[in-house]
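One structure is given here, and the rest of the page talks about it.
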């Protein structure tokens with residue numbers, strides 16, 4: 001269900017690239033970052049390009065200039081690739097149920113954040129040779145017409161779709177194997193719940209807490225960050241979508257002592273923290289891709305790639321911190337609990353925003369479902385109360 005969306009986005013991006021819209025947009029965003037951040041044209045354009053395309057495609061925009069850039073610029077190019085996601089996989093994550101607005105905002109915010117973090121990790125000590133005041137000449141598409149561009153975009157996505165599918169199969173299988181092995185080892189020490197997520201959670205929990213995640217949710221977010229770092233963000237977002245669906249369905253918060261979902265604010269912070277290609281799988285991809293484009297920089301690429309991955313991770317964490325500061329607590333109580341508590345009281349509740357939203361969700365779920373009481377979570381008093389609040393037609397009530 002997810003992979004056809006990748007094909008569609010790849011086709012659309014190829015068509016936009018052919019008509020020149022992507023080059024124009026990337027050029028404008030890169031110019032803005034160059035003016036306000038004082039970065040060089042090459043690293044600004046690559047960072048702007050990473051908002052829309054992947055970490056191996058974005059350097060192709062400035063391919064002729066790569067052999068002449070400084071070590072700090074090369075580090076910034078790699079960091080920008082690690083701290084953002086490609087437009088082609090954006091639709092896949094949205095189809096998981098992750099907020100589209102947060103994903104788009106995270107991609108845009110991560111571009112300047114990657115440049116700032118990169119310069120902190122590797123400051124510029126050389127004199128950049130590529131300083132064109134009139135702007136760089138970006139590479140153009142090779143297609144002759146729009147139909148050919150669409151066809152090339154679809155063909156290009158074959159490798160991407162195959163790569164995602166194979167990685168998901170291998171990583172999920174490897175994760176299941178690791179969990180089984182760790183559980184067996186844990187049984188020897190009377191700790192059968194030991195798994196890969198728990199280990200990652202302990203490692204990354206301090207970082208998630210510092211980003212603003214509630215302490216009781218920081219363990220879950222830490223596990224997601226471990227999935228993203230040691231496997232990829234696809235696996236992490238898939239796990240995050242399950243947690244979001246658990247909250248929306250109103251399942252029990254704890255099952256056998258394990259928390260089943262997080263607060264909305266914690267989900268938002270996790271969305272921003274996971275929005276990047278900073279993982280060990282992408283490390284080899286970046287080294288191989290950039291080396292093929294600029295063979296003369298092979299030694300510098302291999303030497304700075306791991307540091308760039310750490311810098312990309314920090315950039316994602318920085319955007320998550322900003323998101324945490326700007327995100328207030330939303331409707332955290334599951335709707336069925338809120339309605340049950342509200343309408344079982346002696347005094348009829350006021351028409352609060354939360355109540356109206358929950359009642360609207362209740363009636364919408366009935367329209368989209370054959371069940372009279374979806375999930376069995378809503379009692380008759382909730383229905384009667386919502387009928388009075390929303391004044392729905394008789395066939396609902």
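Glycine residues also receive a Cβ, built from the backbone N, Cα and C atoms like all the rest.
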Review point. What range among 137-157, 158-178, 179-199 does TrEMBL record as transmembrane segment?
Key: 158-178
Check your understanding: For which of the residue intervals 305-326, 327-348, 349-370, 371-392 does TrEMBL record transmembrane segment?
Key -> 305-326
**Study point:** Mean per-residue pLDDT computed across the domain 'Concentrative nucleoside transporter C-terminal' (102-324)
**Key:** 89
**Study point:** Within the domain 'Nucleoside transporter/FeoB GTPase Gate' (1-97), residues counted as helix, strand or coil by DSSP
**Key:** 75 helix, 0 strand, 22 coil
